[in-house]
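Below is one structure; the comments refer to it alone.
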Amino acid sequence: MSTATTDTVTKPGPGMRFTSAAANYIDERTSASGFVRELGRKIFPDHWSFMLGEVALYSFVAILLSGTFLTFFFDPSMTATHYQGSYVPLKGVEMSVAYASTLDISFDIRGGLLMRQVHHWAALLFVASIGLHMLRVFFTGAFRKPREINWVIGFVLFILAMAEGFTGYSLPDDLLSGNGLRIIDGMVKGMPVIGVWISYLLFGGEFPGHDIVPRLYVLHIMLLPAILIALIGVHMLLLIVNKHTQFAAPGRTNQNVVGSPILPVFAAKAGGFFFIVFGAIVLIASVFTINPIWNYGPYDPSPVSAGTQPDWYIGFADGALRLVPPHWEFVFLGYTWSMNILIPILVIMVFLVLVTFYPFIEAWITGDKREHHMAERPRNAPTRTAIGAAGVTFYGVMWAGASSDLMATHFMLTIEGVIVALQISLILGPIAAYIITKRVCLALQKKDREIALHGFETGRIVRLPGGEYIEVHEPLNEYDRWRLVAHETYRPLMIRPNERGRITVGQRVRAGLSRWFFEDRIEPVTRSELERAHHHE
Amino acid sequence: MAKISRKHRSTGRRSPLATVALLAIGLLTTGGAYALATTTATAESQAAAANEQLIEEGKKLFAANCASCHGLNLEGSKEGPALVGVGALAVDFQVGTGRMPMAFQGPQAARKAPQFTQDQIDAMAAYVASSGPGPALPDERFLEATGDAAKGAELFRINCAMCHNVAGAGGALTEGKWAPQLKGLDARYIYGAMVTGPQAMPVFNDLNISPEEKRDIITYLDYVSENPSVGGFDLGSLGPVSEGLFIWIFGLGGLVAITVWLTARSN
Ligand code: HEM
């Protein structure tokens, strides 16, 4: 880019000469200019929902910076020590070095508490923004070919982020995180036959042992961040290769991308936005406390606190465990089969696998092998949107399960009542969400069709000479109409015999699913319909 | 020789002066003792009378406000348990924290503004205490927040946190009952709760937790209430749930609002 500037500027100042010389120097040795030019011409669409991924990226940067600060002072050792720092209610109490060093970071190291709070708030924001970003991609169908791989990578990132968070909040070795580890230990031990072996391997002996914090530390600051960074790199690369999707509008087609190029417009905006995100995190971290580990005390296997919850992103798993009805364990072949643990784990696994492979599942059902670069409006894919709403409801109910006790105390309900209500919602909620969402989408499509053909209702009633009353409709302009008609729909697949003249089971399933997806549909407005409508006016 | 000496001895013994002296001493001691005895007796009977009056007053207050549930003679009814021998401390706790008189039958009598003055509470406490021995109000020195906060915190985590949450933020129990949050409570009610174990709360008698240890717990709870949260606003000390809600609603919500604004301006 600096070469371009020297061409147009007649008399380059000394600063300019230096930058161009430096750029030349680097380019001659790395040939980076080709890459920069490519990257610089990458177009970024102007829709707010495309910035959610950026929020995730920038909060990750905040995590990296604050996390590095924390590594300077955190000591991941479970050796026992007596606290001698400045927090009075823990003076002289026996605790692990890990907990003591976290207390020191909080009370005796300048800026330490702020950094801890930045790190933790940024972690919450990181996972939340990934989640919302994922929902955006899902509901606009941006995961369709050629972006299926990037969907899978993104979802793996989401799971890794949860793992990063869980290993992180187990590090301070306080009562709350120890309770969390205890639950993990219980889940592992709930696996028949191998559970206890795995638990001993994981904890280096009987829980809690002396190894778990150092082990989690290695995962937390080395292995997981390395994988995360590598995958984020691939994610970005694929983003550049595949380009962004965009919402339909005049001039936007499946073959182009309309928006600002990264250089210079978008880079400037993104740079500014980075500081906004970072600033928001620091503001929150300096005003609101998070994970006040000094309240919780050092880990000790005997006490358990009321209201023990994990961070929000692990909440759905905690909730799943809480929603299991009692008496699901039984003894068989000399082993205790803890179905109360195994079934929720299984349900969560199935849920995660379905989400991971959703793009492939949908592509198989539609039989669509084309590339898609237009973001769909959620209403124009009613079944997918309804499935998404059902999934969100399912996740949301499990998530609510994790705070069932707080709902009981804060809304003056009985905890048993809350649990039963959530158990029912876990089954019926997604079904209701599915039906309602699908109907709403179809109704909205119908309305769009109406407006595209006949324009807006103006509310102006006119009496015709013949005595008839009509409402005047205002026709749409071309731009707005494009938005309403530029989409397509699928028809259910027909079952056709294969080369051998047979109909396979796979085909039947596929046809059945396809019918489920596309049986109810509103046909998009066709050109001839539009023209006929125009003649009418 | 011997006779003489015997006579001499006997004369010494029967000295009239000695008799007088003996008599005087005897009289003085008995009289003094009598006088002493009579004065203490009046003081005692005065105190007894005062106490009688207090109990009487307490009985009246009780009959008017509590007997509908607890019975005119503390014998209890369908609406409330018998109170014979629950002790002055139970009454002080229940009425001082406004739990009694109970407003309505719910899963648990909730804390509310107290309905009686301390004098009236003392009267009712005396009345209930007169029905049988029970825990009395503790010595003042166990109510001062001068114990060992660190030891108190440890005791609290082991004995109380499973219901009241480690930070004393409270928590849910079964069947709509709950353990209340413990911020800013008067020391006597903390002590009273531990000794009398109201409703779903267990009793922590002096063998479980000694009075000195109770003072440590009081010291810790006092420290937590008195010292502001170091890291900023504590969002109700509810832990990860309030933190998660906060980041979704205000953190991510705020940033989404900013992105909408940024992209709206460019269009
Ligand atoms: C996506 C990435 C990451 C997430 C979600 C994450 C999350 C967390 C969380 C929730 C904690 C508990 C903090 C607390 O309240 O005490 C934590 C602690 C910690 N993290 Fe991370 N972290 C991430 C990456 C990193 C990286 C890259 C480093 C180092 C370069 C790091 C270093 C640390 C250290 C040293 C601690 C312990 C100190 C403490 O607990 O105060 N983290 N992390």
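Cβ coordinates are placed from backbone N, Cα and C, and glycine is handled just like the others.
Note that the coordinates shown come from a computational prediction; the quantities given were computed from them, not determined experimentally.
The feature heme c 1 binding site is assigned by TrEMBL to B:Cys66, B:Cys69, B:His70. The C-beta environment of B:Cys69 (heme c 1 binding site), restricted to residues of the same chain at least 6 apart in sequence and closer than 8 Å, consists of B:Ser77, B:Glu79, B:Gly80, B:Pro101, B:Met102.
Residue environment of B:Cys160 (heme c 2 binding site) contains 26 other Cβ atoms, counted within 10 Å of its Cβ in all protein chains. Annotation source TrEMBL lists heme c 2 binding site at B:Cys160, B:Cys163, B:His164.
The domain 'Cytochrome c' annotation in TrEMBL covers B:53-132 (among others).
Sequence annotations record features per position, and here TrEMBL assigns domain 'Cytochrome c' to B:147-225 (among others).
Taken from TrEMBL, the feature signal peptide applies to B:1-35.
What TrEMBL records for B:245-264 is transmembrane segment.
Counting only same-chain residues at least 6 apart in sequence, those with a Cβ under 8 Å from the Cβ of B:His70 (heme c 1 binding site) are B:Phe62, B:Gly76, B:Ser77, B:Glu79, B:Gly80, B:Pro81, B:Ala82, B:Leu83.
Apart from B:Cys66, B:Cys69, B:His70, the residues listed for heme c 1, the same chain places the Cβ atoms of B:Phe62, B:Asn65, B:Ala67, B:Ser68, B:Gly71, B:Gly76, B:Ser77, B:Glu79, B:Gly80, B:Leu83, B:Met100, B:Pro101 within 8 Å of the centroid of those Cβ atoms. Model confidence over the domain 'Cytochrome c' (B:147-225) stands at 86, taken as the mean pLDDT rounded to a whole number. Cα to Cα, B:Cys160 (heme c 2 binding site) and B:Cys66 (heme c 1 binding site) are separated by 30 Å. The binding-site residues listed here are B:Cys66, B:Cys163; among them, B:Cys66 has the most other Cβ atoms within 10 Å of its own Cβ. Note: B:Cys163, B:His164, taken in sequence order from the binding-site residues B:Cys66, B:Cys69, B:His70, B:Cys160, B:Cys163, B:His164, have a C-beta within a distance under 8 Å of a chain A C-beta. Classification of B:Cys66 (heme c 1 binding site) by DSSP places it in coil, neither helical nor stranded. Counting every protein chain shown, the number of other Cβ atoms lying within 10 Å of the Cβ of B:His164 (heme c 2 binding site) is 24. B:His164 (heme c 2 binding site) and B:Cys66 (heme c 1 binding site) have their C-alpha atoms 29 Å apart, to the nearest angstrom.
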